[in-house]
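Reading through the structure tokens given below for one structure.
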Amino acid sequence: MRKRSEVLFSKYSKGLKSLVRRKQVDSVHVRREGHQLARQLSALDLTAIGVGTTIGAGVYVLVGTVAREHTGPALTVSFLIAGLAAALSAFCYAELASRCPSAGSAYHYTYICIGESVAWLIGWSLILEYTIGGSAIARGISPNLALFFGGEDKLPAFLVRHTIPQLGVVVDPCAAVLVVIVTILLCAGIKESSLVQTIVTTVNVCAMLFIIIAGGYLACKTGWAGYELHSGFFPFGVNGMLAGSAVVFFSYIGFDAVTAAAEEAKRPLRDLPLGIGMTLSLCCILYMLVSVVIVGLVPYFSLNPDTPISSAFSANGMQWAAYIVTAGAVTALCASLMGSLFPQPRLLMAMARDGLLPSFFSDISTHTQVPVKSTVTAGTLAAALAFFMDVSQLSGMVSVGTLLAFTVVAISILILRYAPPDEVPLPPSLQQSIDSVRMQLDDDSQGTGRKNFNGVVDIVEQSSHQLEDGEAEIQCPLIQKQITEDKQNQQRRRKIAMWSIALFCIGVLVLTSAAAAEYLPSLLRFTLGAVGAAILLCSLIVLVCLNQDEARHSFGHTGGFLCPFVPLLPAACILINTYLLISLGVDTWIRVSIWLIIGSLIYIFYGWNHSSLTEAVYVPSAYVDEIYRASSSLQV
């Protein structure tokens, strides 16, 4: 009976460990089978992808709604604060993108730093985001096209929305056709699709520059009437301005699409951080300048909530400007559609490479060097949704995937700096080389009294026991004792750091939940908030006082961008994104929970057993190079 319980406990323990198994950062030792993605994108191409994905048509409507209801003339300050908040996530993405430049974005980083089960949920959430986001954008293009051409009756009959009486469903052929066109373009090749993305994004940016220049000229002629109000610059107070920042924050979502092209960047260590930084900076500047002009042209309470920019120009005698504004909105939506459909095939490819999805999705075309099968699958699903469903009610679910990704990326930065993975999964085919190195280390440890590589304390490099002039190793008990103590202190520091990171996340969750739970009694909310804040501050203070792990200098690809102000910057990023997640509403979380439950079942019944790490052998990272050298010598 006891033996049976021990076996069950061993299986249960092994199952739990498999949920947090972590994969290796792609290195010189990793050689993927089959064809690879083409490295043809420059920093400018990556910036075009990021800007095109980020600047959607929402900004053409958002400025009116937010200014009327939250900020008034202070809309520019709200965009600035939201941009700074988005920059927190951008800094975290930039470091991970340069350290781990492979397809998969947040899913890939989470798999390396946190573990397989969390990475699966992030990937599954991003699949939902890209699918619904692309369908919603496609649905928004047809009414803007109709507006541009002067009404739906001016569009070809086969593109006009119509209702199926038997089903009561409004179908949108124009949206489906646009998704199909973009899918074909993405299948043609990364250089071709990025060229079109650059052209469309350039037209959109030019439309925004027209709004800024022409609107600024009109505002100078009229004396910036929108700012000469008795209510002042902050008619809704500072709280209204901050509420406006929370709303416009979502207009910065999209810069993470740059990291999806990690394997197609020519110089990923330089170009990925540069592309992210240029994307966010350009978007923030354009948003602020547009808001300065629009709220200066007319009083904020006179802005039309549906067409604020066009109405502002019309109020100043420039009715023809509506065509340029509409053209900008259409091109913005087209660029966003391309940006939404671009990352999903690469995410499916990355998950299939890791065995969590069927290998069908990992195939790369020999001709175009893009994942055609994944692209066609994602495009077909998005086209079907855009044709049959009005997904506007599901738009809140799009934000969940992005905010979850932003949160785990910031957590990954903390783990990477304070407790980076110190074990590397190797394929079972290297078992002979692993045994060979283990035997060699065991023989050495018997002579020196040191632990082997299966012990808690790693074996010390032989060079640390040799003098600089090449003299023989000196056996010194005091040195051995000091080395052992240093290793034990390092392990203790790592445990403290991991517990501090976990407690910090718990404190953030308690604090933000208390802040958002307006239905609770005031005393209970205050108590929960105080407890959460205490846990948050204590754990953060511990992290500030702890030294960061020395292994961070050699983790992944070195020489790239480093996130500044760790742990304060990632901590602020986690706090902001968690609060936004909690504030999304119960209905949104119910829908997302159903999706995540479906994903969990797929992972349990397929991904868990088919994972590429199922049979992997974990060894200390210090011995990986030696094991590969042993493998090469055995092959010879």
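Including glycine, each Cβ sits where the backbone N, Cα and C put it.
Please treat TrEMBL annotations as automatic predictions, because they have not gone through curation.
Straight from TrEMBL, the features:
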- 41-63: transmembrane segment (TRANSMEM)
- 164-188: transmembrane segment (TRANSMEM)
- 195-218: transmembrane segment (TRANSMEM)
- 238-262: transmembrane segment (TRANSMEM)
- 274-300: transmembrane segment (TRANSMEM)
- 320-342: transmembrane segment (TRANSMEM)
- 370-388: transmembrane segment (TRANSMEM)
- 394-416: transmembrane segment (TRANSMEM)
- 496-517: transmembrane segment (TRANSMEM)
- 523-546: transmembrane segment (TRANSMEM)
- 558-582: transmembrane segment (TRANSMEM)
- 561-611: domain 'Cationic amino acid transporter C-terminal' (DOMAIN)
- 588-606: transmembrane segment (TRANSMEM)
Under 8 Å Cβ-Cβ from the transmembrane segment (238-262), and at least six residues away from its ends along the same chain, one finds 41, 45-47, 49-50, 53-56, 58-59, 62, 65-67, 70-72, 74-75, 77-79, 81-83, 85-86, 89-90, 93, 96-97, 100-106, 190, 268, 272, 275-276, 279-280, 283-284, 287, 336, 339, 342-343, 346-347, 399, 402, 405-406, 580, 583
For this session: Could you tell me whether the transmembrane segment (370-388) and the transmembrane segment (41-63) are in contact, taking contact to mean 3+ Cβ pairs under 8 Å with a sequence separation of 6 or more?
Result: no
The recorded stretch from 164-188, 274-300, 320-342, 370-388, 523-546 sharing the largest number of CB pairs under 8 A with the transmembrane segment (195-218) is 320-342
The correct DSSP tally for the domain 'Cationic amino acid transporter C-terminal' (561-611) reads 40 helix, 0 strand, 11 coil
